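Q: Here's the feature list from TrEMBL:
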- 1-408: domain 'Major facilitator superfamily (MFS) profile' (DOMAIN)
- 20-38: transmembrane segment (TRANSMEM)
- 45-64: transmembrane segment (TRANSMEM)
- 106-125: transmembrane segment (TRANSMEM)
- 137-157: transmembrane segment (TRANSMEM)
- 191-212: transmembrane segment (TRANSMEM)
- 240-261: transmembrane segment (TRANSMEM)
- 273-294: transmembrane segment (TRANSMEM)
- 300-328: transmembrane segment (TRANSMEM)
- 379-403: transmembrane segment (TRANSMEM)
Amino acid sequence: IYTNMLSGWLSNSSPLSPFSTVFICSFMVAAPIFGYLGDRFNRKVILSCGIFFWSIVTLSSSFIGKEYYWLFVLSRGLVGIGESSYSSISPTIIGDLFTNNSRTTMLSIFYLAIPLGSGLGYILGSSAKVAAGDWHWALRVSPVLGITAGTLILVFVPEPKRGSADQVGGRIKSRTSWFCDMKALAKNRSYVFSSLASAAVSFATGAFGMWIPLYLTRAQMVQKTAEACTKEICSSTDSLIFGAITCVTGLLGVVIGAATTRLCRQKTERADPLVCAVSMLGSAIFICLIFVVAKKSIVGAYVCIFIGETLLFLNWAITADILMFVVIPTRRATAVAFQSFTSHLLGDAGSPYLIGLISDGLQENYTTSTLWRFLSLGYALMLCPFIIVLGGMFFLVTALFFLDDREKQCLQGWSGTYHPMSEKSINTQYLKLKSQARAEIGC
């Protein structure tokens, strides 16, 4: 519905991006708050209330008129607050219900919802807009689904004891203060570098979600297979195809990622970060090819998008599993929240807006040229594969520290030492407790 909103409110490439940016900024600011609450209070109540909140706000925003532009922007911020409660807490419930390979499988199923939901958003939003003849109806589909899902979670999802899947006999250790948690996370090298890598993924997916459908539309205008839209309701074909590709690649990426990780764990204990690194580096190659072939072949561009997104989506569930391995149970919600904060702050909070600004700057003197409007957006999007390569490098660095951080988390939880521990004190206990811990709980 981007083109219709664009004609309704503003006039160039970048201004609609603040809708996405405001949403992501409010999301990432609220995430640490919900992370703190998620480590201390009933998690399913918090996340259910968050779902109800953003569903109601989304539905309400569909009735805002174009003269209240600022109110619509505010509503996007409120939606971000509601959604942050869910995404910060949900993975920790799964982490307390399952462990090892079963946890990898369940997290893969859970994170499948991100690309699947994004793809369905394009499909259902576009379909609702066309069926109703009004783009506002695109905002009235997901609230019904959200309220239904929130009710089911509140009624049927259990609230497991924190650490019950990791500790012998489900022993729960005392919690530390928020500042101690943050200090420990800042010293956890695997957590820090995997979070930076996750930010690179967010940067690319945020930019692609906003601009790729428009880029493909402009490519068809250059090829003279489509004309510029001057109607109130524009064609949604590219959004539908892109949404379908996102759904399929999300499914394939998550499934292939989980299966590949389980297989590689038989060869190396560093399988998780290494699989993520290889998939990101491979993804960058095919994403670069999108901008090479799009001018001549839309089909070729879709093929490159398909392969590139599949490789990019490989690492979402694995990144969450890395966090579960290297962070103790009682600070996982905080860890997930701050990983989200970092990912959005350095990633999709600014990437759509940045790409729009670069594109506008490049076409400033050629605003009437169809070819240059297409090329300028492609040149701006070329920033994404370079960021993805940087993310792959961060995963390689994560692989260097992964085993040490996993052992320290395991020993810290096993010994019951949940108070702040210095690097020196952990290493002092390491040799003494290692053989005992492995014998008793298989760490």
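Indices start at 1 and increase along the chain as displayed.
Cβ coordinates are placed from backbone N, Cα and C, and glycine is handled just like the others.
Annotations in TrEMBL come from automatic prediction, not curation.
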Q: Against which stretches of its own chain does the transmembrane segment (45-64) lie, if we need a Cβ under 8 Å and a gap of at least six residues from its ends?
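A: Answer is 34, 37-38, 71-72, 75-76, 78-86, 89-90, 136-140, 142-144, 146-147, 149-151, 153-154.
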Q: Need a quick answer: max count of Cβ pairs under 8 Å to the transmembrane segment (379-403), which of 106-125, 240-261, 300-328 is it?
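A: Of the candidates 106-125, 240-261, 300-328, 300-328 scores highest.
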Q: Can you work out whether the transmembrane segment (300-328) touches the transmembrane segment (20-38), with the criterion being 3+ CB pairs under 8 Å where the paired residues are 6 or more apart along the chain?
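A: These two segments do not touch.
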Q: Going along the chain, which residues at least six beyond the ends of the transmembrane segment (240-261) come within the CB cut-off of under 8 Å?
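A: Residues packing against the transmembrane segment (240-261) from afar: 104-105, 108-109, 111-112, 114-116, 118-123, 126-127, 212-213, 216, 271-272, 275, 279, 302, 305-306, 309-318, 321.
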Q: Under 8 angstroms, Cβ to Cβ: which one of 20-38, 106-125, 137-157, 191-212 has the largest number of such pairs with the transmembrane segment (273-294)?
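A: Out of the listed stretches, 191-212 contacts the transmembrane segment (273-294) most.
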Q: Between 106-125, 137-157, 191-212, who has the most Cβ pairs under 8 Å to the transmembrane segment (20-38)?
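A: Counting Cβ pairs under 8 Å, the winner is 191-212.
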Q: Averaged over the domain 'Major facilitator superfamily (MFS) profile' (1-408), what pLDDT does the prediction give?
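A: Looking only at the domain 'Major facilitator superfamily (MFS) profile' (1-408), pLDDT averages out to 81.
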Q: Same-chain Cβ contacts of the transmembrane segment (137-157) under 8 Å, 6 or more residues past its ends?
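A: Here the qualifying positions are 1, 44-45, 47-49, 51-52, 54-56, 58-59, 61-62, 93, 121, 124-126, 128-129, 131.
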